[in-house]
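What Swiss-Prot says about this one:
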- Lys46, Gly53, Arg54, Gly55, Glu99, Ser102, Glu107: ATP binding site (BINDING)
- Asn199, Asp213: Mg(2+) binding site (BINDING)
- Asn264, Gly321, Ile322, Val323: substrate binding site (BINDING)
- 9-244: domain 'ATP-grasp' (DOMAIN)
Amino acid sequence: MNLHEYQAKQLFAEFGLPVPEGYACDTPQEAFEAAGRISTAKKVVKCQVHAGGRGKAGGVELHDTKEGVKEFAQKWLGKNLVTYQTDANGQPVTKILVEEASNIANELYLGAVVDRATRKVVFMASTEGGVEIEKVAEETPELIHKAAIDPLVGPQAYQGRELAFKLGLQGDQIKQFVKIFMGLGEMFTQYDLALLEINPLVITGEGNLLCLDGKINIDSNALYRQPKLREMHDPSQEDKREAHAAQWELNYVALDGNVGCMVNGAGLAMGTMDIVNLHGGKPANFLDVGGGATKERVAEAFKIILSDDNVKAVLVNIFGGIVRCDMIAEGIIGAVKEVGVSVPVVVRLEGTNADLGRKVLAESGLDIIAAESLTDAAQKVVAAAEGK
């Protein structure tokens, strides 16, 4: 689960990290009033969406007057912001962050992520703030400095000092950086984070450190024990189909192809997408129905897949390990009848009772195309999607 910038800064402030004075606003009038409470001559206004690239898309502006701030809010609230990280429809803007402008002398990067290679939380710091860390890692990896956190003892002040030295900080800046580092380390563990970034972490004209932006991603598997963070969830930023899938414990990711895929098992689902692509098709989604592929879940999976108007054919690829293929076949038949599927459906069954499952499908009287192998299934569904 992702947080908005204003929510990330609220958490930063909770742990004593320096953030600009700012207010999240729901209406143009609130934005106008918030601008009046900010003492700096210039105010920064930012659209709050779960996507980067807001500045280049016009979603971040600098204004001298309260009226200018209000006009910005009127322009964007209720609209969609399209950036290079969103799809063509963009993300809806339901809040505007109005905050004081900062006097920036230099920009740094500070972030933390769960590193599966070391099985530790790893902090990353760089002098190349304000740009994507992935770009820095690709072009100048030597400019990224790391500190792995021992889970038994947590972040240590000496690690923060080492990073501060490598960033070229001096004097009181080192103490400020260590405080930020320790606060983020505590926050990462306490709130079950998967990733956090301050980009940029700026050095102001007065020589102080300031968290100018914030990005936080929470481990969704831990949300059951994070009631405070659950309340910060913004469903408007999620794909409606993905949200629907989550309610049924289906793993769904929307893509831009025309072949719907329904598979049990994440690895098999990825392999299915690969072979569809290999035979000239384009997957419209990733969908893993998991081990409990009941009639109800299969029906919901069909509904989700077919809610995408781009889908011209559906490939159902099931390996019967724990579940029996004949039961899956009955679920598919029931789901097709209930949903009223109007596009070609190709089904490949393998594993426990696969022959019986294929027989059940053949005797159903429905227009379901049986496939003998994964290659056969991919070829048939690609042809069906092309109307052949």
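Including glycine, each Cβ sits where the backbone N, Cα and C put it.
Shown here: features listed in Swiss-Prot, placed on the structure.
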residue : record              : contacts (Cβ under 8 Å, 6+ apart)
Lys46   : ATP binding site    : Glu5, Arg54, Gly59, Val60, Ile96, Leu97, Glu99
Gly55   : ATP binding site    : none
Ser102  : ATP binding site    : Pro20, Val44, Val202, Thr204, Leu210, Leu212
Asp213  : Mg(2+) binding site : Glu5, Glu197, Ile198, Asn199, Pro200
- Message: If I take the alpha carbons of Val323 (substrate binding site) and Gly53 (ATP binding site), what is the distance between them in whole Å?
- Response: 45
- Highest CB neighbour count within 10 A among the binding-site residues Glu99, Glu107? Glu99
- Note on the structure: Glu107 (ATP binding site) falls, by DSSP collapsed to helix, strand or coil, into strand
- Coarse DSSP state, helix versus strand versus coil, of Lys46 (ATP binding site): strand
- Message: Among residues Asn264, Gly321, Ile322, Val323 annotated as binding substrate, what is the maximum Cα-Cα distance? Answer in Å.
- Response: 11
- Quick one: what's DSSP say for Glu99 (ATP binding site), helix, strand or coil? strand
- Query: Within 10 angstroms of the C-beta of Arg54 (ATP binding site), what count of other C-beta atoms is obtained when all protein chains are considered?
  - Reply: 20
- Quick note, Gly321 (substrate binding site) and Gly53 (ATP binding site): C-alpha atoms separated, nearest Å, by 44
- Note on the structure: By a three-class reduction of DSSP, Asn199 (Mg(2+) binding site) is assigned strand
- Cβ neighbour count within 10 Å, max among the binding-site residues Gly53, Gly321, goes to Gly53
- Using C-alpha atoms only, work out the spacing between Ile322 (substrate binding site) and Gly53 (ATP binding site) and round it to an integer in Å. 45
- Give the maximum pairwise CA distance in Å, whole number, for the residues Lys46, Gly53, Arg54, Gly55, Glu99, Ser102, Glu107 listed as binding ATP. 20
